[in-house]
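Let me begin by presenting the structure, written as structure tokens, before commenting on it.
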Amino acid sequence: MSNKPFHYQAPFPLKKDDTEYYLLTSEHVSVSEFEGQEILKVAPEALTLLARQAFHDASFMLRPAHQQQVADILRDPEASENDKYVALQFLRNSDIAAKGVLPTCQDTGTAIIVGKKGQRVWTGGGDEAALARGVYNTYIEDNLRYSQNAPLDMYKEVNTGTNLPAQIDLYAVDGDEYKFLCIAKGGGSANKTYLYQETKALLTPGKLKNYLVEKMRTLGTAACPPYHIAFVIGGTSAETNLKTVKLASAKYYDELPTEGNEHGQAFRDVELEKELLIEAQNLGLGAQFGGKYFAHDIRVIRLPRHGASCPVGMGVSCSADRNIKAKINRQGIWIEKLEHNPGKYIPEELRKAGEGEAVRVDLNRPMKEILAQLSQYPVSTRLSLNGTIIVGRDIAHAKLKERMDNGEGLPQYIKDHPIYYAGPAKTPEGYASGSLGPTTAGRMDSYVDQLQAQGGSMIMLAKGNRSQQVTDACKKHGGFYLGSIGGPAAVLAQGSIKSLECVEYPELGMEAIWKIEVEDFPAFILVDDKGNDFFQQIQLTQCTRCVK
């Protein structure tokens, strides 16, 4: 084995950053000299201000390029009516959220900060604490949600009440700037991050593409498509692979080279990206309820690997594409410019709030009457819900199961009303509710049969596809699963939710059981009482096309 001369290869060689920034302030930074070199001195207040503003902006606004992609769906003749309906709701939601009161999504996420600190930047230490203070200030002062649970022991948890801890990863680099990527990562999209340990045998044109298409299909719709999908093939370790997935889904590596070299530089395979995007469009899942727009775009990054390993990673950034860059240099603190006026992307003829044909459902009736009405319509029927809905999610369902297991039976409210899987953000002053969109339905699948057997949870409302056990339970017990659009939580809070009150377990915060009154709350029948599943029908349609 011959030796080669030393050559250092930057693993992720990026071109110039063309991101558009705005100056937050020129305070809290200064320039000094040490041993003949100019040093950028950054006060802790600068880090706190940067984190505070970045997470505020990302909670209420999205990138212009993302908004343009959503708007393009409305003009695409190949987009389904459901694609266009969902896209319009996203734009309306962004228009409301950009006012800075109701956040884009009720799951205001885990705060993730990736920082790269130049060697000629001095802060005096305590960077993580200063950044965490900024995250704290954002979540305390804005109408966001506290989603972090701290373990007291292996099984008992308590909500931290601040949305801390944040995930803060800081790196030392060359230069005299301090650069950041801030991500508000919701649970739905975070849960769609996967690592597969494969081998060299996968790395053939005939196998790799089909493999990635099948993995892409497993994403389903629970994480609020259209997605920004990222695949990473290779990596010097599993953790390097998944870190790259996260950053690629945030467009952080868009300026990588498009070919590799003998030293192991990362690169994008743009041709494979194009091919996979076409395959995503052909899946038929569309923007949640069937159609073309399962993905806005796809990134495929190839990394070097150990000869015995071939990690493959997959992840997404969802319709709440909350990624924002920031930096500190000698001019001051800079924040990436997001879209302040998303309403401009809504065509004039679609500015009025009319939703077209929908079946009106009065929920303030006996459950048997509501079920009988729903039974008249096929899956995919669009509904307009009006009346009382119970709101409960993961811990609430665990509490209800505990009651059933102890022989206590179910509370009457879970029998009399539909249940909406959700957890509200803080309620702004003068509003009936904070942002309150649906959470992922699949996490509650294991509870459905037991609940419905006791007359509860007969109508469920949430987002995304569900497992066969839910379809079987609904057929057995006469229940329904209704789909709500994942993503436009601000629209629902402003337009559909008229009141919100806690019913039980207030100590659980957003995981408590709530009651809401709604008007014209949009939903679709996804699973009915006859064993029909909307998403299974889409898959069968696609399989039939493949056979032909």
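Positions of Cβ are set from backbone N, Cα and C atoms, glycine also.
According to Swiss-Prot, the [4Fe-4S] cluster binding site annotation covers Cys105, Cys224, Cys318, on the basis of similarity to another entry.
Features as recorded by Swiss-Prot, highlighted on the structure.
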residue	record	DSSP class
Cys105	[4Fe-4S] cluster binding site	coil
Cys224	[4Fe-4S] cluster binding site	coil
Cys318	[4Fe-4S] cluster binding site	coil
In this structure, the one of the binding-site residues Cys224, Cys318 whose CB has the fewest other CB atoms within 10 Å is Cys318
Using a 10 Å radius on the Cβ of Cys105 ([4Fe-4S] cluster binding site), the other Cβ atoms enclosed count 30
Same-chain, non-site residues whose Cβ lies within 8 A of the Cys105, Cys224, Cys318 Cβ center for [4Fe-4S] cluster are Asp107, Gly186, Gly188, Ser189, Ala223, Ser319, Ala320, Gly437, Gly486, Gly487
